[in-house]
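In what follows, a single structure is set out as structure tokens and then discussed.
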């Protein structure tokens, strides 16, 4: 009886077991399929973070492979360069598609430019606050110096050169190699502006040219230093020097009395600095003991006024820089009698040198002027031979 009851229950038990087995197989199959899909997804589609990181890495590798100077033009194509076709240069550096891809990256992928570069407009407004692939830069000892001469046009040359994106210069005169040498090179380095790779650090101190110790000291810093000397008709330069001193000390003796040791004999007083500076050949002899002529460039102070772009072209070639500064940068100011910049460094406005430049010279006795020309003539001729350039001061 009991056995028969069990037999009657057997069929339903086997049906339930079969259903449970089917459901279990379906569940295992579903889990297996989900596992396969997840595994396929992980191997073919990287996560958004990894994809963004990989894309950013690839793009910046492209940037690093570009030449430094081409990058400099891309990130310095600000208002001061727009007149020189910087936009056309930048389009050759990065294609539109590449630039679009870079600008689509998250902001955290970019490196912010250094504040001092943005402040000086060395970074194009298009990139300001977005990226600066060249880094913050560092302070370096100068690779080029404007060493003279006083009242020759050194300030004008420096202001004109600062328009170039590959030149960073100290504004004030450091006077390191003549007055502050005991402070050491690290003190000197700290005075310099930060520069990026490919940029040249410069400073100007006109008294270096006539300081006897300066060539040896500069050579000790670096024998590869390039030096620039702005020279001017020594007679006109002496009068300009006197005019500057007169503006500060109105009670000084007359130009004529300072020029001669003895007016009757016509003996020139070469101990007076205004006269002594203009004996260029004597000072150059001292410099040639430490620097070859190929590392010294002489700029004509007269041509810096009559043809600023021409003289700036020679300077840019000497420094190994692209000729960025051209005629388009200048206009002639009739009132001052000097060329002025249409746009100075860090500004969109025209810029002329200050009121202390271009002072009206006092009237000097023509006989004194002629005596001075006779005195300087043999020194000028020697200077022409040494430099291989005729400056035309004795015409």
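Cβ coordinates are placed from backbone N, Cα and C, and glycine is handled just like the others.
Automatic, uncurated: that is what TrEMBL annotation is.
Keep in mind the model is a prediction, meaning the values are calculated, not measured.
For 1-38, the entry in TrEMBL reads signal peptide. Positions annotated as domain 'Sulfotransferase' by TrEMBL: 142-377. Residues annotated as 3'-phosphoadenylyl sulfate binding site in TrEMBL: 151, 152, 153, 154, 155, 232, 240, 357, 358, 359, 360, 361. TrEMBL lists 151 with the feature active site, for sulfotransferase activity. If you look up TrEMBL, you'll see 340-352 marked as disulfide bond.
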TODO: Just name the winner among 240, 360 (the binding-site residues) by count of other CB atoms within 10 A of its CB.
DONE: 240
- [ ] Please report how many Å separate the Cα atom of residue 151 (3'-phosphoadenylyl sulfate binding site) from that of residue 352 (disulfide bond), as a whole number.
- [x] 16
- [ ] Mind looking up the mean pLDDT for the domain 'Sulfotransferase' (142-377) in the predicted model?
- [x] 93
Open item on the list: Among 151, 155, the binding-site residues in question, whose Cβ has the most other Cβ atoms within 10 Å in this structure?
Closed with: 151
Open item on the list: To see if you understand the setup: which same-chain residues, six or more apart in sequence, place their Cβ under 8 Å from that of residue 153 (3'-phosphoadenylyl sulfate binding site)?
Closed with: 230, 232, 299, 301, 304, 305
TODO: Take the Cβ of residue 352 (disulfide bond) and count every other Cβ within 10 Å, whichever protein chain it belongs to.
DONE: 18
Open item on the list: Counting only residues 6+ away in sequence within the same chain, which have a CB under 8 Å from the CB of residue 340 (disulfide bond)?
Closed with: 330, 331, 332, 333, 350, 351, 352, 353
